[in-house]
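Visitor: First, the structure itself, so that you have it in front of you.
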């Protein structure tokens, strides 16, 4: 009776869109390009694709098959395989609950930046004036306007974890709005979620295509792409490269959270989940590569822009200090002129040395800071800012629909809970509890708590969950069966 009354996806395509919307998230846009940059550009792609075939596809197929065959959420599905495995499903729900508590804070930050993207000029484009209006804020001048906006005006971060501070009500309101959007998306179960995923899965690709076209036309974009696709093969002997590749596959597909089991439980039993596992895996990895091309074109533009700005400042400083003729000092002969000035005017050059910056190309930095700094140097920055942060919202909300489904499906499958409360009430209570607990991340020390949860809430626990899942299917349920 429970199987007959269980709602289904309208069609297999809707299920694929739901999996893509959940799997393709911020990790594809942020974490993959970061790892690619850290472990030698193209050299990271080799272990990544090996891990995709050896680890990603089989485990994704396993979870989809279990959910589709058992027609239950993570707790019920593993309980059917063996009553002793009920704890595996409970562990998945707990991990998804921890993830939901802090993950939606990223959507709150995206809302915050989105609302500020309509200002002209952008609030992170320049440093604010000090209280006396005699100059810029000293803290901002020491860093940059984008870093100041992120750490001081967005997070208002405290000096340490011990100094908790008060709740930042602007961030708290953004967090409440983020949870309200998630609740409205899941209000009617698969009926509304199935329609929302079409938007959350498709729109980011449209925005990425726009950014790709714009990014490839930026000055210095080619430098970023050359760096990305130039492999450092010595990284293949580094064990951390292989571990990071395996972990990226693990997290980007969302294995172990129970979300994929919950999504697959709404499939028709005759659905070809093996084919869907391959399709979702390939689309997810292709999205990571595609997003990296866009990201590295932005990185190349930012690095080139900063490098050339630094060079121009050094040239202006040397020309004024040594009264050189205009045009005598250029970027091409800068190093030769430095050597000449150091040899002919050693004392004057030594006094200027602390002011002469080393114009090395900077690293990627934090994603909010890097992209916002690149956006402020584009034409019509408000347009590109709105597009980018709206895309982040779509990616974040798509992932949140999967996280909440992993929590709600086992609860609504429970006859005790479902008989007493309608789905709308259960969904509302879960979202409200997560929102209230999530307020800790909107405090002045909230970013420290965010890093702690991000590093420890879903790492070793997920590895253990999937290990037990694999052993359970192979040796308890049986591979032949």
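Sequential numbering from 1, following the chain as shown.
Just so you know, glycine gets a Cβ as well, placed from its N, Cα and C.
No curator has checked TrEMBL annotations; they are predicted automatically.
Not measured: the values here are computed from a predicted model.
Grabbed the feature section from TrEMBL, which reads as follows:
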- 12-32: transmembrane segment (TRANSMEM)
- 23, 24, 28, 252, 284, 395, 399: Na(+) binding site (BINDING)
- 44-62: transmembrane segment (TRANSMEM)
- 83-103: transmembrane segment (TRANSMEM)
- 169-187: transmembrane segment (TRANSMEM)
- 196-222: transmembrane segment (TRANSMEM)
- 242-266: transmembrane segment (TRANSMEM)
- 278-299: transmembrane segment (TRANSMEM)
- 386-408: transmembrane segment (TRANSMEM)
- 429-450: transmembrane segment (TRANSMEM)
- 456-478: transmembrane segment (TRANSMEM)
Visitor: Using Cβ atoms only, state whether the transmembrane segment (429-450) and the transmembrane segment (169-187) have three or more pairs under 8 Å that are 6 or more apart in sequence.
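Guide: They are in contact.
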Visitor: May I ask which of the stretches 44-62, 83-103, 169-187, 196-222, 242-266 has the most CB pairs under 8 A with the transmembrane segment (456-478)?
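Guide: Most contacts with the transmembrane segment (456-478): 83-103.
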Visitor: Between 12-32, 169-187, 196-222, 242-266, 386-408, who has the most Cβ pairs under 8 Å to the transmembrane segment (44-62)?
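Guide: Going through each listed stretch, the top one turns out to be 242-266.
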Visitor: Quick check: which same-chain residues outside 23, 24, 28, 252, 284, 395, 399 lie with their CB within 8 A of the centre of the Na(+) site CB atoms?
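Guide: Apart from 23, 24, 28, 252, 284, 395, 399, the close residues are 20, 22, 25, 26, 27, 253, 254, 287, 288, 398.
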Visitor: List, by number or range, the same-chain residues at least 6 past the transmembrane segment (242-266) whose CB is under 8 A from its CB atoms?
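Guide: Residues 6-9, 15, 18-19, 22-25, 27-28, 31-32, 35, 38-39, 44, 47-48, 50-52, 55-56, 59-60, 63-68, 70-74, 77, 89, 92-93, 95-96, 99, 190, 273, 280-281, 284-285, 288, 399, 402-403, 405-406, 408-410, 458, 462-463, 465-466, 469.
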Visitor: Report, as a single number, how many Cβ atoms besides its own are within 10 Å of the Cβ of residue 284 (Na(+) binding site).
Guide: 25
Visitor: Please list, in sequence order, the residues in the chain of residue 252 (Na(+) binding site) that are at least six apart in sequence and whose C-beta is under 8 Å away from its C-beta.
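Guide: Looking at Cβ-Cβ distances below 8 Å from residue 252 (Na(+) binding site), excluding near sequence neighbours, one finds 23, 24, 25, 27, 28, 31, 32, 284, 285, 288.
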Visitor: Which residues does residue 395 (Na(+) binding site) neighbour through Cβ under 8 Å, counting only same-chain ones at least six apart?
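Guide: Non-local contacts for residue 395 (Na(+) binding site): 24, 25, 26, 28, 29, 200, 204.
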